[in-house]
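In Swiss-Prot this protein carries:
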ACT_SITE  Cys85  active site, nucleophile
ACT_SITE  His172  active site
ACT_SITE  Glu174  active site
BINDING   Ser226, Gly227, Gly228, Val229, Asp230, Ser231, Ser232  ATP binding site
DOMAIN    8-198  domain 'Glutamine amidotransferase type-1'
DOMAIN    199-388  domain 'GMPS ATP-PPase'
Amino acid sequence: MTKLVNEMILVLDFGSQYNQLITRRIREFGVYSELHPHTLTAEEIKEMNPKGIILSGGPNSVYDEGSFRCDEKIFELDIPVLGICYGMQLMTHYLGGKVEAASQREYGKANIQIQGTPDLFKDLPEEQVVWMSHGDLVVEVPEGFTVDATSHHCPNSAMSKADKNWYGVQFHPEVRHSEYGNDLLKNFVFGVCDCEGKWSMENFIEIEMQKIRETVGDKQVLCALSGGVDSSVVAALIHKAIGDQLTCIFVDHGLLRKGEAEGVMKTFSEGFNMNVIKVDAKDRFLNKLKGVSDPEQKRKIIGNEFIYVFDDEADKLKGIDYLAQGTLYTDIIESGTATAQTIKSHHNVGGLPEDMQFELIEPLNTLFKDEVRALGTELGLPDDIVWRQPFPGPGLGIRVLGEVTEEKLEIVRESDAILREEVANHGLERDIWQYFTVLPDIRSVGVMGDARTYDYTIGIRAVTSIDGMTSDWARIPWDVLEVISTRIVNEVKHINRVVYDITSKPPATIEWE
């Protein structure tokens, strides 16, 4: 934490998949927030000087052996504390109340009734719908606490000890299903913690530029530039901070979209006057991927090769100490932490070799995708970069399901170009968060002309989202889908069938691999 942040809400991570949403909601209020491991000591927290502490939810019972705990001394810091779900139970356990397994687990929407006029529920309706997700519950609040809300299955749905600024809720206010959840969090952040709400992307730029300068000093930085939103914003931010100390390397690994390699060089080398070195490594990557079909193995191979390519280039350049990456908050969350399950490894996180020669700089690793776009705009990047489609580091390597071959890459490349062209032609670019084609390792029978065919199927994936943590399938008009399907079947060799993915996230991820 740098001194440029004069107010911050600290969220301690106990393993809930909702944790990042707490941080996100608070930032939406214009207050800076960070998610940190539950293992932080009270002394470390004191040095960070947060305006408030939130104990997140989690999958454990407070009585489980090895369950996640925090330093009890945080309750001696004279800092407001809000416990959410497991966080409320842990607070109760530490402060002398009683937690038990519920006779009936409660998952989903529930109606709560507010009692009195507690601070967290100021100016909110006496009855409201909230999102519950718990197996244990508080059966006896700690001494000096009042019960602020009840529900049919959870008599102690919320509690507080106002003179200490300690609060607990058994439900999840950060989830949209809690209809007044944002208002409750605002009451804690502004009413209890007395935050002002002056944090913005402009502040973030100043904070990160100071961090970069302090970290790098007079040393050199190598940036992994792909031309996507994340790496472009990283390059612009670091270039703004340290200028010519930054060298960008653009690796053409043969897994890019149609026309992408040429576009990247033109935009950054010519348009932004950055030092960009292009490396043609297609054969190197494809040879490594030969015979590999497991998606996790492909991701790690691609991640490793990226680092080794940078190693080779750094040896040529001499004196490179740092590697900059466009790792986002969602990358870290989905790759798992000590308290969260791994969903999939990200090339910016799980694929890094242990013997890499660089120290990492990841200035976006506390931001969500929409915040990165806002940052790009603040940095003066053009709209065609800021609103460019999200594109995974492994590229088309994970949009070809199974083994990657040049023939399959060309199929995905051409079909994806048609999809992007028609989405643009029909003015849908800003309505759809991400859209692309995938090539499952599936062949099916078809008829083209008078001949029987046995060719590949192309899948179209298009989703709406805000930050990529959750998404819904995009309702592209049927007539537009018909145009796209017809063009793909007629213009892309070895395709005789097109399908549309109508699965949300969860249960599916946005990418198929």
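The backbone N, Cα and C atoms fix where each Cβ goes, and this holds for glycine too.
Features recorded in Swiss-Prot, as mapped to the structure shown.
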residue	record	contacts (Cβ under 8 Å, 6+ apart)
Cys85	active site, nucleophile	Ser16, Ser56, Gly57, Gly58, Ser133, His134, Val169, Gln170, Phe171, His172
Glu174	active site	Tyr18, Leu21, Ile22, Arg24, Arg25, Ile84, Gly181, Leu185
Ser226	ATP binding site	Phe250, Val251, Val264, Gly326, Phe391, Gly393
Gly227	ATP binding site	Phe250, Glu260, Gly263, Val264, Thr267, Phe268, Ile385, Arg388
Gly228	ATP binding site	Gly326, Arg388, Pro390, Phe391
Val229	ATP binding site	Gly326, Lys369, Val372, Arg373, Gly376, Ile385, Val386, Trp387, Arg388, Pro390
Asp230	ATP binding site	Gly326, Thr327, Leu328, Leu364, Val372
Ser231	ATP binding site	Cys223, Ala224, Leu225, Gln325, Gly326
Ser232	ATP binding site	Leu225, Phe268, Gly376, Leu381, Ile385, Arg388
C-beta crowding around His172 (active site), within 10 angstroms: 23
Check: same-chain CB within 8 A of ATP site center, minus Ser226, Gly227, Gly228, Val229, Asp230, Ser231, Ser232: Leu225, Val233, Val234, Gly326, Ile385, Arg388, Phe391
Within the predicted model, mean pLDDT of the domain 'Glutamine amidotransferase type-1' (8-198): 92
